[in-house]
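Colleague: Pulled the feature table from TrEMBL, pasting it below:
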{"type": "DOMAIN", "residues": "B:95-292", "note": "domain 'ABC transmembrane type-1'"}
{"type": "TRANSMEM", "residues": "B:9-30", "note": "transmembrane segment"}
{"type": "TRANSMEM", "residues": "B:99-122", "note": "transmembrane segment"}
{"type": "TRANSMEM", "residues": "B:134-161", "note": "transmembrane segment"}
{"type": "TRANSMEM", "residues": "B:173-191", "note": "transmembrane segment"}
{"type": "TRANSMEM", "residues": "B:231-255", "note": "transmembrane segment"}
{"type": "TRANSMEM", "residues": "B:275-299", "note": "transmembrane segment"}
Amino acid sequence: MKDTQAQPIVEIEDLRVTFPQAEGSVRAVRGVSLALHPGESLGVVGESGSGKSVSWMAVMRLLRAPPAEVEAGRLRLAGIEVMQARREELTELRGRAAAMIFQDPMTAFDPVFTIGHQIIETIRAHRATSKRAARAEALDLLERVEIRNAEAILDSYPHQLSGGMLQRAMIAMALSCRPQVLIADEPTTALDVTVQAQILQLIKDLQDEMGMGLVMITHDLGVVAETVDRVVVMYGGKVMEEAPVVELFEDPRHPYTRALMVSIPGQEGGRRRLTEIPGASPDPSDPPEGCPFHPRCTQADAQCAAEEPPMAVLGPGRRAACWRLT
Amino acid sequence: MTGYILRRLLSVMVTFFVVSVIIFLMMHSIPGGPFDGGDMPVPEAVRQKLNAQYGLDQPLYVQYGRYMWGVLQFDFGVPFQSPGETVLELLGRAWVPSLVLGGLGVLIGVPLGILLGMAAALKRNSWIDYLASTVATLGLTIPVFVTSMLLILVFSVWLGWLPSSGWGEPERWILPIAAYATIPMATYARYMRSAMLDTLNKPFVTVLRAKGLSERQIVFQHVMRNSSIPLVTVFLPMFIGTATGSIFVEAMFRVPGLGSYFVSSIRTRDYPLEMALMLMLTVMFCLAYLISDILYAWLNPRIRHGGKQE
Ligand SMILES: Nc1ncnc2c1ncn2[C@@H]1O[C@H](COP(=O)(O)OP(=O)(O)OP(=O)(O)O)[C@@H](O)[C@H]1O
Ligand SMILES: [Mg+2]
C-alpha cells in the first residue's frame, strides 16, 4: 500500500513543544522531523516521557495553548499547515484527515451519552446524513470491529461495557469518517493481555482493508514488530533512529535502539515490553548537553557529551543520530 | 424508578411525623404562652379561659393528638393573631408574595449564575472570571439582610429610584427579588464554574475534539450536560438558603409573606400558625431532596441504569 510518490499525509519538520513551568520549562519535543505517506504504517517507540504522545497531539492541534508552546518549521496534515489553520479547518481535518484513538478507553467516552449517540454525532459532524442513515452506518462500523451484539451496544452507556469492548467502539468511532490516517496512542496498554493481541490484529486488518495510514505509538517493541512497516525510535524528545521494521530488528544502528532490544525479555512468550535500561530517562526540564542518551550510553565519549549528533542518512528510509554509529 | 419514588415518599411521611413531634415539643417548651399579653396585661381569669378555649390547659400528648387528628383532615386550626380566618386561609394568602418574589428571585438568579459560571470557566482568568469569583464570594459571605439593607440604601435612599418596602405594585418587587436572587446566583456561579472546569479537563473532551466536533457542540452538548449533574446537588442547599433567606428579606422589605409570618408566629407564640409553617417547611425540604435526587438519577445514566445509589 506504500505510495512514496504521493504527497505525505503527515509532514513534521523540526517540531518543538515546550510547557513553560515555574521550575524551568518542560521541553517535551525538541526538533522532531518525519513524514507519513498514504497507506503507510509507522511505529513510534520510546520510553515513557520521550515525547511520543505530545508530538502527535501537536499534529492534531490538540495541545491546549497555553500551557503548550508549539513551534514547527512545517506541520502539515493532508497538505494543510495546521499551525495556521482556522478553527473550522481544524475541526474538518480532525476525524477525517486523521483520527486518533487513545490509551484509556474507559475515560474516552462521554459517560452521559450512549455509544451510538457518540458515533452518530461523529459521522454527522463531517457529513450531512440523516440520523437514521448515520445509525445504520454506526451499526455497520460496530460489526466491522467484531462486536457481536452491535444493536445492543449501540444503545449502551460507556459504563456498561468492558475495556476491550470500549476500545473496539472507540476504533469504530475513529473509523467512522474514513480517516486517511489513524493515530493509535498505546491502544492496548490499558487492556487485559488476552484482549491486547485481538485489538492489535483488528487495527492491522482494518488498516489493510481501508488502505489508511497508521501511526502506532507504543513503548512495546513487540507491538511494533507485529503491526508496522517502519519505526521511529524516540528518546528525550528527539528522533534517535528511523528504519524499516525488519531492518531495525535485524540491524539496529543506534545504541539506544540496541539497548531497547536487549531489554526485551524473551522474544517468544509472555510480554515483550521495554523494561529497564540502566539509568534514568533525562529530566525534560533540564536535558543533557550533546546526545540526550549519552549519560546512559555504554559507548559514549567526550564528543557525545559535548555536541549534538547530526541526523545521518544511512540508506533508503534509514537514519540515525549518533556519533558512534556502527 | 417508580418503586424508588414510592419508597422515598413513604420516608417523607415518616420524617413528617417525627419532625412534627419534635417541633411540637420544642414549641411548647419555650417559656410563655400566646395569651400572656405583651404590652397589654391580660387578667389571669381571662387568660385561663382563653387557654381552656383553645385546649392549651390539656396535657401535651392530648394537645398533640388533637392537633394531628385535625391535620389529617386538613384542619390546621385558627391563627391566634388573626382569629377571623383559618391557618390555611392565612397561608393561602401569605404564599403569594413569597412565591412570587422568591420564585422570581430563583428563576432569575439561577440562570444568571449559570451563565456567569460558564463564561468564567470558558474564559479563565479574564475579567469575567474575576467578576464571577467576586459575585460568588460576596453573594455567599454577605448575609441577605445586609444585601437587602445595601439595596435599600442605594436604590431607595440615595438614588430614590425604587420604593423600599411593601407589596403591591410591581416596582416594589424589584428590590426584594434582587435580594432573593443573590444566593442562587452566587451559588450557581461558583458551582457551574468549577463543574465546567472539571469537565473540560476530562479525557473525553480531548476525544471529542479529536473527532472533529466544533467547540460549540462540545461545550453546549457534552460539557454542559456533564456539568449540570453536580449542579443538581446544589439545588437543595440553594433552596434552603432561599427559604430561610425569605425570613430576612421579607422582614427587611416588609413583605406580608410566609417569612414574615414565620417570625411573628414565633414571637407571639401563635402555636397553630407556627406548627403549620414548620410542617410546611419540612414537606418542602423533603420534596426538594426528592426532586434533586430524582434529577440527579435522571441526568446520570450510571445511576439510572445501574439501579444503584452512589
Ligand atoms: N500538559 C503538560 N504539561 C507539562 N508537561 C507535560 C504536559 N504533557 C506532557 N508533558 C511532559 O512532556 C513529556 C513528554 O510527554 P509524552 O506524553 O509525550 O510522553 P510519552 O512518550 O507519550 O510517554 P508515555 O509512554 O508515558 O505516554 C513528559 O515529560 C511529560 O511530563
Ligand atoms: Mg503517551
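Cβ coordinates are placed from backbone N, Cα and C, and glycine is handled just like the others.
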Colleague: Short question: which residues 6 or more past the ends of the transmembrane segment (B:231-255) have a Cβ under 8 Å from it?
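Modeller: Cβ under 8 Å, 6 or more out: 97-98, 101-102, 105-106, 110, 114, 143-145, 148-149, 152, 164-167, 172, 175-176, 179-180, 183-184, 187-188, 191-192, 195, 262-263, 281, 284-285, 288-289, 291-292, 295-296, 299.
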Colleague: Do any residues of this chain, six or more beyond the ends of the transmembrane segment (B:134-161), have a C-beta under 8 angstroms from a C-beta of it, and if so which?
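Modeller: Same-chain contacts beyond the ends: 116-117, 175-176, 178-179, 182-183, 185-187, 189-190, 193, 245, 248-249, 251-253.
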Colleague: In terms of Cβ proximity under 8 Å, which residues at least six beyond the ends of the transmembrane segment (B:173-191) contact it?
Modeller: 100-102, 104-106, 108-110, 112-114, 116-117, 120, 132, 135-140, 142, 144, 147-148, 151-152, 155-156, 162-164, 230-231, 234, 237-238, 241-242, 245-246, 249-250, 252-253, 255
